Amino acid sequence: MPTSTPQTERAATRPATENLLEVSGLEKHFPITRGAFIRRTVGAVRAVDGLDFTVRTGETLGVVGESGCGKSTTGRLVTRLLEPTGGKITFEGRDITHMSVRQMRELRRDVQMIFQDPYSSLNPRHTVGTIVGAPLRIQNIPTPKGQKRAVQDLLELVGLNPEHYNRYPHEFSGGQRQRIGIARALALRPKLIVCDEPVSALDVSIQAQVVNLLDDLQRELNLTYMFIAHDLSVVKHISDRVAVMYLGKMVELAPRDALYATPMHPYTLALLSAVPVPDPSRRDKAQRERVLLTGDVPSPIDPPSGCRFRTRCWKAQDKCAQEVPPFVELAPGHRVACHFPVTDAERTPQGRMAAQHAAAEVPPDTAAEPAL
Amino acid sequence: MTLGPVTSSTDVATPAGEETPTIADGKKIEGRSLGRIAWMRLKRDKLAMAGGGFIIFLILVAILAPLINKVLGHPVNEYHQDKIDPNLGGIPPVGTWGGISKDFLLGVQPVTGRDLFSQIIYGAQTSLLIALLATLLAVVIGIVVGVTAGYYGGWVDSLFSRFMDLILAFPLILFAIALISVLPPTKGFRIAVMVLIIGGFSWPYIGRIVRGQALSLREREFVEAARSVGAGSFRIIFRELLPNLAAPILVYSTLIIPSNILFEAALSFLGVGVPPPTPSWGRLLSDAVDYYEYDPMYMLIPGLAIFVTVLAFNLFGDGLRDALDPKSNR
């Protein structure tokens, strides 16, 4: 994860006023079924298990976390590609939690998605014109200058040659394909775009281009992003606020600078210390202070009691196993779900070294896989 | 949807295979669809093209049978007793090679002296008609059941998949003999019943392929993308899934045609095919069993007709598969 994204930090956070999207107690459990003829539910994968967050108009909310923590599921719940098991999603004051497919059709114009894999998100049998024009046709959007013209304008907007209207996806590179995906998402002029790891399938050199394109488009079209990624440096570049997820829960949500400068959740601290440093002179120091977690992420089928991070946390105490830590605001705009948040002392090099040793001594969770 | 032998696709200058289009300077930029690339690949496969050529030739022969027969043959049921050698019990034809001559291109039938050439070309009509109609039926049922099972999944999938297993496990030949022998032996009726039986029992081969493909396509992100812009199930099935299923459907229907031809021949051989006097390759073979000692050509010629036809379809189908899916190196 080399940080080749240009470190041109975005200007002061735009005045984010009202909440475009409000999510409370959001849950998604995927049932595990057994039996060939009579299916019975024997358990559930608790992919997303109680999320509370808001996305403000005009901002970019970055969502980070390791694989399988429920980031993508969250994105698909917000765009209502998945039906939530519990909780509530409000978009512009309207409850969209359990809207039917028919009711959702209108909402689709306002909430769009950019997908992770540019090789699988474009139908290989359709031309670029058909792909980018599909939203316009499905939603019956009037195109005064003709649909072809509208699509070509979109292609130009995302930096593609409008002449390529008749080409097929396999004739483009990964970065160009992702631009096609972006053009499709922009076709309906949405207010919110959920970007599901939009650059993680791309070459590092192309990542920067696509991230900058997203940045420019946000300014031009006044978009709001929910930017899902596992690359902390990309998230740092594009986000106004960042949410950290662990095993289906949000553990920390803070303004970007606050999160990166003063992480309060032990998991965030470990995550940030794992970012590779491209500068060799600083790298050794960074490596010495890296907080390495032992063990694996527990199974979301049978998550740990209390705090979900406690099995790998060097600060865990009995309380952590008994009580679920509330997601509370510890500093202005900085919400953390931890009984024993990281102190300033732990953020110093000495503190980090101490944390590193403590983290290495956490016994790996040897609990057997839950019997199904 | 462009797929397979697109008729107007000979104007491509760049060689096939490489999927790296260069931006043409000043030239009109036009996309090359996957179907077009496949066609260019297919054109280089000599065996497949030979198979395809023979199939077209055979279809033309079947359609133009009355015309061809008028020029090169004799009426189907015209007896030519003068062509039968009276010395050997009135069985084998006069002359060598089963009586092949300028007049009778493929010789004559033993005993009756009917023209074998006309029997063969009218037999092609019967064979292809039944095999193609049965395949059409199988493809239609296979697509409907396969897509439904694959797209909806869950209990729908379980139900349809078990049903397909059931049909594949059915003792088909016995069923066909039992059913056809009790039904009235009129020509049109027999053909319809044979199409229903052959098609009705070969669709699970298509159905399974389509189901599997639909099941994996359903998880692709472009289906989610279509849903996220508000497309309904109907649109997703017809606009997103089916164009991607066209290649396997085309390949597997080409590959079940020869097995359907063989099945028709088998039924005719067993005496439950189209009723005489309608010519059929299978029945010619079964007739020939009685005379092969005197006239081996009579067995060889319909046998060869079946063999070459089945081979041609198989070669073409294999070539089509390689062209449409270059990753599947058998």
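Cβ coordinates are placed from backbone N, Cα and C, and glycine is handled just like the others.
Cross-referencing B:1-25, B:76-100 with TrEMBL places the feature region 'Disordered' at B:1-25. Highest Cβ contact count with the transmembrane segment (B:189-210) among the listed stretches B:47-68, B:128-151, B:163-183, B:249-276 falls to B:128-151 (criterion: pairs under 8 Å). Among the recorded stretches B:128-151, B:163-183, B:249-276, B:296-317, the one sharing the largest number of Cβ pairs closer than 8 Å with the transmembrane segment (B:47-68) is B:296-317. Taking every listed stretch (B:163-183, B:249-276, B:296-317) in turn, the largest tally of C-beta pairs under 8 A with the transmembrane segment (B:128-151) is reached by B:249-276.
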